[in-house]
Amino acid sequence: MGRYISRKIFELARSSVIYGKRGPPPHTHPCGFSDAILLIFPRYSASCVNEALAVSCVFCPCRVHVEFYVNENTFKERLKLFFIKNQRSSLRIRIFNFCLKVLTCVLYIIRVMTDNPAQLRNTWSEHVNLIFWVDRKTPVWAIQVIVASISFMEAMLLMYLSYKGNIWEQMFQVSFLLEMLNTAPFIITIFWPTLRNLFIPVFLNCWLAKHALENMINDLHRAIQRTHSAMFNQVLILICTLLCLVFTGTCGIQHLERAGRNSLSLFNSLYFCIVTFSTVGFGDVTPQIWPSQLLVVVMICVALVVLPLQFEELIYLWMERQKSGGNYSRHRAQTEKHAVLCVSSLKMDLLMDFLNEFYAHPHTQDYYVVILCPCEADSQVRRVLQIPLWSQRVIYLQGSVLKNQDLLRAKMDDAEACFILSSRNEADRMAADHQTILRAWAVKDFAPNCPLYVQILKPENKFHVKFADHVVCEEEFKYALLALNCLCPATSTLVTLLVHTSRGQEGQQSPEQWQRMYGRCSGNEVYHICLSDSMFFREYENKSFTYAAFHAHKKYGVCLIGIKREDNKSILLNPGPRHVMAAGDTCYYINITKEENSAFTVRQEAHQGKNRGHCDILNSPSGLPVHSIIASMGTVAMDFQNTSPTGDTAKLAPPAENGLGSRRPSIAPVLEITDSASLLPCDLLSDQSEDEAAHSDEDVPSASEYVGYPPNSPYIGSSPTLCHLLLQKAPFCCLRLDKACEHVSFEDAKAYGFKNKLIIVSAETAGNGLYNFIVPLRAYYRPRRELNPIVLLLDNLPDEHFLEAISCFPMVYYMVGTIDNLDSLLQCGVLYADNLVVVDKESTMSAEEDYMADAKTIVNVQTMFRLFPSLSIITELTHPSNMRFMQFRAKDCYSLALSKLEKKERDKGSNLAFMFRLPFAAGRVFSISMLDTLLYQCFVKDYMIPITRLLLGLDTTPGSGYLCAMRVCESDLWIRTYGRLFQKLCSTSSEIPIGIYRTESHMFLPSESQYSVSSEGWSDTKETKGDEPKVLTRSSSGSDQSEHPLLRRKSMHWTRRLSRRAMKRSDSSFFSSLPKHSASRRSEREELTELVRNRMQHLGLHTGFKDVSNLTASDVMNRVNLGYLQGELNDQQNSLSYVLVNPAPDTHLQLNDVVYLVVSSIRKQSCMQHIQLLH
């Protein structure tokens, strides 16, 4: 019953039947219903109606009007809100008060100028009365009374509003006392006219004006929501204090001197104050009576107390501003271009790498660089920033990227680019990535339109910054480079040279041929140009890609490596002969400089005789184009011959063998438009029949393997790559190399009987980056018969997530151990390994001394180098400067000479001063910091990261090629030159060579290689007799050094001149020391060999080497690694290796040269078809 009534009441309430819009009358129910409800429901009792009203209150609750801030409705609070709390009204009042105080000072000056002290002297007999009485004109008095009345009422009102219970504290404030002193006497003169000429020190209002100005500036900052620097406020306060001191002293001395014999004017008083405060004291104007002299003493004491405090505060703020860097000017940000570099800690090496690479391009010469770092700049960074070259263009700001105020100081919203670099020296690299991610988010939130260039350490954190314009993941590039170093030697050096800016002038003053050639080729970089605008490539429009690549290299010496179609955003490396060059294609090429900085000179070839006929451009050295490149003032002058690529010139006849008339097939021409049926999927310089015969049964995958995409990716954002995989994932127990399980009984690498050499990776933890090391080594285009077993030597046990990711790859194992433990190295198969990769450990990166972070790694690698001299060790270091300690020999004068050369190149301003270090040139050492320039170059070359990722296999684009290598064997030397090899590869397998990895053997006599450092006198005497030690070097060009004794002699003189020597020895003592040193070296090798043999016996490993005739291939490899078969060769033979990027076509090939190739997409497709047929 009650529910029925309550529902009716609710409906009536909603339809306003009872009260309409006027609301309930008084004395009704709290819900608004009166007793009239009983009239509507007469059949029901009052109790039922009350129950219904109670229920209806749930559906129609009481509405109560609540007033907030009722305490601010009082008269006092409203006045306080207007005079104090409200920024805008308070600012107006401050300005009005400041104007009043300035007006009183002006009125005082007017009163002084209209005063007549001589008239008052006649009136008063005592001159002392002149101090207390003045001649004040009536208009001046009236204005001063009005101003004083307003100031008095304002002071009393502010005192009332700011009263907090202690009236005496407010009354004895200096500002209130000065206000009463200057206003109350004027109000009294209204009621006491005889006091109108009483002296009142109105000039003291200058201090009140100073106080009002400070308050006014604070209110101004609050009103406009912008703040000036504390430096500005302090300078303003100091200036106001000086003005008030001078004005007070001037007015006080002028007034007191009225009682003297010779009164002073305002100007003379001002002159006296300036001379006194400046400590000059000429003495021509001095106070004459004691009151003015006492005032001078008081003013000097006040100045000695007040001014030092003000200057101390100013100096402190100045020092703090020097630390924080101040602000970047808004006007400069709007008129000039600038880039912001955000780092957590700034080191000198990082700063110099960034500045040298950023300002290496003409496009960035007018840019400013603003560095935003939360740490204070150290002394080295400050010294660098004080160099005139950088002081005008680099601004250091101390601040946090997470604070909008600091971003505003750096004018991030107007920046052309923002570089955010991670701190790789942190022990916790994941925490460093988290900081980088927050910085990137903060910049994107503050300046959405600012281009972001972000560096991330861990690959699993990359997807957090996918919004950035360019992202470089350190571990992705690092492990991919280290993996390719095992397949293509010195890939790290090749990529480092390509991403560094150089003009190819390094080492050009050296007498060493390899240094000049290596330094000249290091200037090659990747550039781009539209085909329709290119002098290099526009003549090859509607021609195949391989045709354009070969003839551009033949004619201009540039290496075309890729293109980007006009209708496609993806870059394609070597799309192959099926791609026809179009006018809208963007061409990517390797050259010493970009085409826009090149000048072209066409030179007609002279007629050489009747019998010569048509001269082939690659047939004789005399007919070669001039490839000596002159890099001067950013312009390259290139001379080339005006030849047409015809079929006759493309066909080259190889030389006859053994003097007979038999010839090999000539090199086929590169066709303009290639038919797909004519393409040969060969990867070496052999015939197609040889390739088909080379496919053995080993290429046929077993029933347990297939080619596909890895099922488990360890992190988000990894690029899918087709790999050799296992049909059934290997159990986790089978992945452990050094422990037997129920499936496998082997406990060392020897027991597995691997057919190929091992690749060992030593790392601290099994991070997700190791996945990028395995994928390139298991890519589908690698023949299965060439797959190397991979052993991960880890300091800590890997987690199950990582084991799940690697369990699908064939021949991938791990074991727990360290490289400083000989037993771990022997168990993991170091004697049967071809490459040992030592990854930098995170725990050693945060050393107390920065450059000591690599100490443990360097010493351990040096130990392995002494134990296993023939093992190829690839080491990652934290600091590139530490590479000089790799494979360190204290008495190797050649290494010391190279150290001197590095210092010379660094003094010349080279960005690649470390390039002549033998470990770097040979690709044995690598530092990820050398790839920081990859991120910097993207500001000018936005295509560098995609091209590098394609080269390393981190990204796979349909139709794009990949980086590979081939070795020149003895049967391939008939090709002779690099240009002919270019033609051979383009015409057969459509592969583009981009460089050569060359190894030369330097034969030193023992005296030169071991003892020249301590035998200066002996070497000098040998020079006079003409019996100097000789260096036998395999030359890398057509002219051999052995044919030029003068050049060889200059080389030896250069080596001795640059190396430091100790005390002199006589000939007899030197030769007598030779057998002793030889014996000591033999005994040292024997001790090391015996140590390894004992440890192998202790571990139960095979050590039988007695019968040399019955040695297996692995035993031979074992003996070589231990140094048995090398014997005395290691004492006298030193080999050096280096990379030639895009060498000239006339460069002669040498035995065992490794040629870097960009394999076309056709090769990848043929590999896929071959794999499908095998399946």
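Each residue, glycine too, has its Cβ placed from N, Cα and C.
Here is what TrEMBL says about this protein:
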type: TRANSMEM; residues: 95-114; note: transmembrane segment
type: TRANSMEM; residues: 141-162; note: transmembrane segment
type: TRANSMEM; residues: 235-253; note: transmembrane segment
type: TRANSMEM; residues: 265-283; note: transmembrane segment
type: TRANSMEM; residues: 289-311; note: transmembrane segment
type: DOMAIN; residues: 336-472; note: domain 'RCK N-terminal'
type: REGION; residues: 641-664; note: region 'Disordered'
type: DOMAIN; residues: 756-896; note: domain 'RCK N-terminal'
type: REGION; residues: 1013-1050; note: region 'Disordered'
type: COMPBIAS; residues: 1019-1031; note: compositional bias 'Basic and acidic residues'
Same-chain Cβ contacts of the transmembrane segment (265-283) under 8 Å, 6 or more residues past its ends? 109, 112-113, 242, 245-246, 249-251, 253-254, 257, 296, 299-300, 303
Candidates 141-162, 235-253, 289-311; stretch with most C-beta pairs under 8 Å toward the transmembrane segment (95-114): 141-162
Given the cut-off of 8 Å on Cβ pairs that are 6 or more apart in sequence, determine whether the transmembrane segment (235-253) and the transmembrane segment (289-311) share at least 3 such pairs. yes
Composition by DSSP (helix, strand, coil) of residues within the domain 'RCK N-terminal' (336-472): 59 helix, 28 strand, 50 coil
Just give the helix, strand and coil counts over the domain 'RCK N-terminal' (756-896), going by DSSP. 60 helix, 28 strand, 53 coil
Tertiary contacts of the transmembrane segment (289-311), defined by C-beta under 8 angstroms and 6+ residue spacing from its ends, are 131, 234, 237-238, 241-242, 245, 248-249, 252-253, 256-257, 259-260, 273, 276-277
